[in-house]
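Encoded as structure tokens, the structure appears first; notes follow it.
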Amino acid sequence: MSAISFRPHSLKSFFRKWKKELIPPRILDKYLFGEFFKIFIGTVILLTGIMLLSLVNDNMRNFTTTKAPRYHVALFLVYSLPKIISTTVVSMSLMFSICFTVGQFSVNKELVSMMAAGVSFFRIVAPLILFGILMWIVMLFATELIVRPVNKLAKIEHDTLTEGMGTLANSVYQFHVKGKEGFYYLYFYDPDKDEINGGFNYIRLRPDGSPETVISSLKAKYNYETKLWKMKTVEEWHFDNDLKLSSQESFVEKEYELPEDPAYFKVPAGSVEEMNLFQLKEEEKRRIQKGLSYGDVLTEKHSVFALPMMTIIVTLIGTIAGYFTKKTAGVASLGITIGVVLIYYIFNSAGKSLGENGVIPPFVGVWITPGLFLGLCFWMFRRMNL
């Protein structure tokens, strides 16, 4: 009983202590944070410009050959900015600026002077760590409320720019899906012409799951007035309860009434990167209903919380790396930032890929990299008595 009452008391004492330490900010906090923030803003602007130029270079062919009005190019670039900033720029800028600031203090012996005055290293960098935690919260909400909806707008502008270039956005190739009464196997569904070409196969099942009828046609088009599928070059097979072929017929053209209309085969939601948590939940239900794999949906649901956590990780690593910087802070900070971010993204991409493909649980695939890096950070803080 005493342990239960002790924990809230300890938690209150902890927050009360740090509130007293940090509010109002001391001269040291203002000095350190002021130096850091100037570098952070400058790095964000610089990296955003570099990433934007890279995006322009990657899409130069689309920009120069598009038949769409030129303002769509500008809209595509503007709508791409939130994703660029949230996925790459913020984390790299945060790590570089923290590592550079702490490293510069270390090189100039200012860090040693502060610690000699009785201020612990953790207390010195506490404003930077709090800023990293704040950025995690900001990125979490910004990704949900701004980045994901704008990703969809960027996709629309990209489709507008590439329209008529031989690309087939939102088309369906060799698609198999579960319906209300059976399974569909489509070769190519063209949403513009609203028809299926190359092959339309349907297996109607009995309540016990055995096949009752198989319909195979070369081409199919839906009539919205009669609500019938008009198929051409049709083969029709019927099976009895013993799964023996009872009849086989061929038709040049025939109409069928099937439970699903063309909307069932369209790509309704786009990429999982464009969906918020509620849309991801609906997409999961939709895929389960249609018998489709949904590993990427589960992975993305966890990534909503895990990916922004990188801001905390790079903050902790940046403070540790800056502490041990003994030479030129700028060169060391740049090298450490590139190395850490690159390794993090390699590990994170590998984990997500394994989770999406069902090799490991999606939860493990997404959280293994943040957990590994956070554990390493806490171990280094304790090991080195920082």
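Yeah, the Cβs are placed from backbone N, Cα and C, and that goes for glycine too.
Where the annotation comes from TrEMBL, it is an automatic prediction and has not been curated.
What TrEMBL records for 36-56, 76-100, 121-142, 304-324, 331-347, 359-381 is transmembrane segment.
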Short question: which residues 6 or more past the ends of the transmembrane segment (121-142) have a Cβ under 8 Å from it?
18, 21-22, 25, 28-29, 32-33, 36, 82, 86, 90, 94, 98, 101-102, 111, 114-115, 304-305, 308-309, 311-312, 314-316, 318-319, 323, 381, 386
If you count every Cβ pair below 8 Å, which range out of 36-56, 304-324, 331-347 shares the most with the transmembrane segment (359-381)?
304-324
